[in-house]
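Input: a single structure, listed below in structure tokens.
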Amino acid sequence: MSWESQGLLPWENQTTIVEFVLRGFSSNQQLNIFFFIMFFAFYILIISGNILIVLLVLFTQHLHSPMYFFLVNLPLLEICYTSNIVPKMLLIIIAQQKTISVAGCLAQFYFFGSLAATECLLLAVMSYDQYLAICQPLHYPFLMTGPLCIRLAVSSWICCFLLTAITVVLLSRLTFCGPNEIDHFFCDFTPLVHLSCMASSLTEIIAFTTSSAVTLVPFFLIAASYSCILVAILRIPSRTGRRKAFSTCSSHLTVVTVFYGTLITTYLVPSANSSQLLCKGFSLLYTILTPMFNPIIYPLRNRDIHEALKMCLSKKAAFLLSCCKEEKLDICPGDKELD
């Protein structure tokens, strides 16, 4: 007897699954050990590098400005972002704990989507800050005030978490009845929808609309801001002035290029290729390499951060040197008495 003759939909007589299996990268244990060591080292670099940026900005007085207030948000975001994905990925690789509950999978996707969208908005806000600083320098202190900075940052976080919640609520209403294997190392939207045995067209349309709103709109705002910035820089008569103005925004522009470059590569290039291994490789660009590059880009490309880091290291070296001298002075009198 068919499902239709019983008045049932195809999924209504099937067992609803309560957990997914994340397949990860490989079933070869030796290869998994190599992956574990490499990704664990990357994770330590991401956490320590981003914490260093936060501490530098917090404890360096001349970095207490709107630009660096927004900059602090990015390392905090990257720490949360990678900590949402990498620890579970390491367990999958080394401990073979591949299962994740449906609720846990949805929660992982929720934080992944929310934090990625928040980064898009924060990069747009930072580009607006750069626009005001370079194109309207005389009005900048009055336009980019402390309360406005806080409102822009907080609204970026809240807006993206609320928009992603809509997609997650719709996903949670879907029924998953098997198979329960996700050929990935984390819970992303497309694999989850493919495992649903219900019609998901509405969920996909709403997810596409919200993701487009928080990625394409900020991208166009960033493009517009930097178009105006480029025109303003070219109008500066002196070469030194042009170089100084460009160095102010070069680090942010580099981060934007890396972020959107990996984003486009991850979600557009694999769609034209059926290789899931290639898809995982591109996803690593977005989930691990980009958060690791940001703490490297800012000290190298931003003169203020570079100087603050150099000052911090020199103070640390001077402190260690003074400690060594005091130790020697304490040891010497004792040595003389022994003689």
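If you go along the chain as it appears here, the first residue is 1 and each next one adds 1.
Keep in mind that glycine also has a Cβ here, set from the backbone N, Cα and C atoms.
Listed in TrEMBL for this protein:
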- 33-58: transmembrane segment (TRANSMEM)
- 49-298: domain 'G-protein coupled receptors family 1 profile' (DOMAIN)
- 70-95: transmembrane segment (TRANSMEM)
- 107-128: transmembrane segment (TRANSMEM)
- 148-171: transmembrane segment (TRANSMEM)
- 205-233: transmembrane segment (TRANSMEM)
- 245-269: transmembrane segment (TRANSMEM)
- 281-300: transmembrane segment (TRANSMEM)
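Count of Cβ pairs under 8 Å against the transmembrane segment (33-58): among 70-95, 148-171, 205-233, 245-269, 281-300, the largest is for 70-95. A Cβ distance under 8 Å defines the sequence-distant neighbours of the transmembrane segment (245-269), meaning residues of its chain 6+ beyond its ends; these are 74, 116, 119-120, 123, 126-127, 130, 133-134, 215, 219, 222, 226, 229, 232-233, 236, 282-283, 285-286, 289-290, 293-294, 297-298, 300-303, 305. Among residues of the same chain six or more beyond the transmembrane segment (281-300), those with a C-beta under 8 A of the stretch's C-beta atoms are 39, 42-43, 45-46, 49-50, 52-53, 71, 74-75, 78, 81-82, 85-86, 116, 184-186, 188, 251, 254-255, 258-259, 262-263, 265-266, 269-270, 306, 309.
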